[in-house]
Amino acid sequence: MKALVKEKAEPGLWLMDVPEPEIGPGDVLIKVLRTGICGTDLHIRSWDGWAQQAVRTPLVLGHEFVGEVVETGRDVVDIKAGDRVSGEGHLVCGKCRNCQAGRRHLCRATVGLGVGRDGAFAEYVALPAANVWVHRVPVDLDVAAIFDPFGNAVHTALSFPLVGEDVLITGAGPIGLMAAAVARHAGARNVMITDVSEERLELARKIGVSLALNVADTTIADGQRALGLREGFDIGLEMSGRPEAMRDMIANMTHGGRIAMLGLPSQEFPVDWARIVTSMITIKGIYGREMFETWYAMSVLLEGGLDLAPVITGRYGYRDYEAAFADAASGRGGKVILDWTL
């Protein structure tokens, strides 16, 4: 089968012929239809410091996908050939304290699809049945391909009650944009999103945010005033991983404000802990998706009319992967999709 492979410990990817994956008794073999390109894939392609520490070559990349089941192991009883499916990209041990308590997203031994084991940038991918999400109602293929990052957005945005709240989102990348759509759909009063990319801020305006603010020339405090806020934001969703974004968010929260932090900083950085303490601000780290409550929430949101179409801005056949990755790395658009049927 064809697959995008990190063949060598150096920058680049290689489209290669590799053996089709074999499945065990509890596994599912899936014919991949479409995949989404994630920031993680960009890191592995560029072979930065994180990738050099996390990845062992050769490796098939990719963890965002939608496909069709073609074969199931003998112990799989609730998934059948022909099912349209996506996959939870975090494979957990099932034995630790958190796994046994049903908190699988907190497993200390998590292995990432397309990072710690061969992934979905291929014509076929194999997964444990416990990681397979069957789409019981029709979902657009492009949207189904990005259920993994959509889940990150949903997990972050729904960490705290949103109805009637004023929400600040720092970072208008694809996950930030999806979080903004979720916040609006879930009943937030105001949703302000910040970035330095006018192209991405324009996407945010199409989603329907209250204010899309370019922090290269306007402060968050100015945005507050434009929205008529007197005491700061109730909810903060930090999606950028930028130190200055987190510091500005803390400075613009109301007393008792709550922050969900998905953005992953590249290094340690100082924050105003005195402000956090005296303003009684709650900060919650977010990683991945709750299994499978977040997946249920995603399906319900889409059934309820949530529109993610503006977030998907690039579509390519898998053989045009170089152009697709360049598009995804440009920082100017939303999600980029690879079609494995072309």
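Each residue, glycine too, has its Cβ placed from N, Cα and C.
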Residue in C38, C107 which Swiss-Prot records at the Zn(2+) 2 site where C93, C96, C99 also bind: C107
Site co-member for NAD(+) according to Swiss-Prot, given D195, R200, L262, G263, L264, I286, Y287, out of I175, I220, I250: I175
Protein Cβ atoms within 10 Å of C99 (Zn(2+) 2 binding site), excluding its own: 19
Any further residue of that chain within 8 Å (Cβ to the Cβ centroid of C93, C96, C99, C107) of the recorded Zn(2+) 2 site: V92, G94, K95, R97, N98, Q100, R104, R108, A109, T110
Other C-beta atoms that fall within 10 angstroms of the C-beta of G263 (NAD(+) binding site): 20
Listed recorded positions among H43, R200, G263, L264, Y287 whose Cα sits within 10 Å of H63 (Zn(2+) 1 binding site): none
Length of the line joining the Cα atoms of E64 (Zn(2+) 1 binding site) and L262 (NAD(+) binding site), in Å: 17
